[in-house]
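Undergrad: First, the structure itself, so that you have it in front of you.
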Amino acid sequence: PKMPGQDSTAHAFSCCFSQEEKLWDALRISAYVFSTGLLTFTALVNSVSWFMQDITLGNFWQTTWLNFYNFFEGDEWTIFLYGAALVPALAFWGFNGILMVADITGKPTFITRYRIQLGKNDPVDKKKLCQAIYTALANQFFVSLPMLVPMFHIMNWWGNTFSKELPTFQWFLVELSIFTIIEEILFYYTHRLVHHPVLYKHIHKKHHEWTAPIGVVSIYAHPIEHILSNTLPVMTGPMVMGSHIVSISAWFSLALVTTSISHCGYHLPFLPSPEFHDFHHLKFNQCYGVLGVLDYLHGTDRVFRQTKAFERHKVLLGLTPLSESIPEAPQRAE
């Protein structure tokens, strides 16, 4: 006969073992991701930095920066606005302008044939698009721009932001790695926070009006969400590192273009896969992060990992759309 409490003890032991096994799995995948990143970083330094630090090219960028600095007579606020606001905004709207042409006209087919959610935004609802553009512009002018004021004073406190000597390419790669990790942590947890039922209803629901997003929707959000999830995770890294304005400008531009790719609705060749975040817009309770590491650790990608979208979540190195080579399973008849 079983002793009293034997079943509950066995169950507790089983749960404990299961959690320990899950923890080790999480640690293994984290180690794999970060070691892969480290190897990639090392390869980049060894194979690219020699080119970027070539005397002629190095002098070109250094001279260009000094000419730009002297053109504005060392006016640091003006230089900061150009680097942290104007250049990233041009990158964002330039990239999304191309995507919006495809969304509205369905051309060029080179872009539209790579649509993720087939039949959606084909063409995009122009009224919804205008609303998204208006909100994105409002967030940039009335939220992001004012947030640059305290950031400017923090960067001035560091004293490195407007140095006449540019950072080395190797150092910029180190900064980029740190920026990315900080953004992943802050974005994941603030994103999950605004998915809390109380906050979702009043704040995050606006962003999820688009179950099949397009690029400009990346900053289509309630102002509070734009502060918490869109802007602070990107701004924090440079403020922690005391980065140069050139590094800040490059990072802000890269972050805006990358999040546009994640929302664009097209899985284009040779660009990062947007399948992960597109699935979040489709299902709402999966894939909260950027890199996916924290989603794995917290189990918020389990459903995603069982889908065809997960199989397609990779860089497309050919020209055949992954929606064709890895199609969705046919729907069963009711």
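Each residue, glycine too, has its Cβ placed from N, Cα and C.
No curator has checked TrEMBL annotations; they are predicted automatically.
Among the features that TrEMBL reports, transmembrane segment is placed at 29-52, 79-102, 129-149, 169-189. The annotation domain 'Fatty acid hydroxylase' is assigned in TrEMBL to 178-300.
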Undergrad: Need one number: mean pLDDT over the domain 'Fatty acid hydroxylase' (178-300).
TA: 96
Undergrad: What is the three-state DSSP composition of the domain 'Fatty acid hydroxylase' (178-300), stated as helix, strand and coil residue counts?
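TA: Grouping H, G, I as helix and E, B as strand yields 86 helix, 1 strand, 36 coil.
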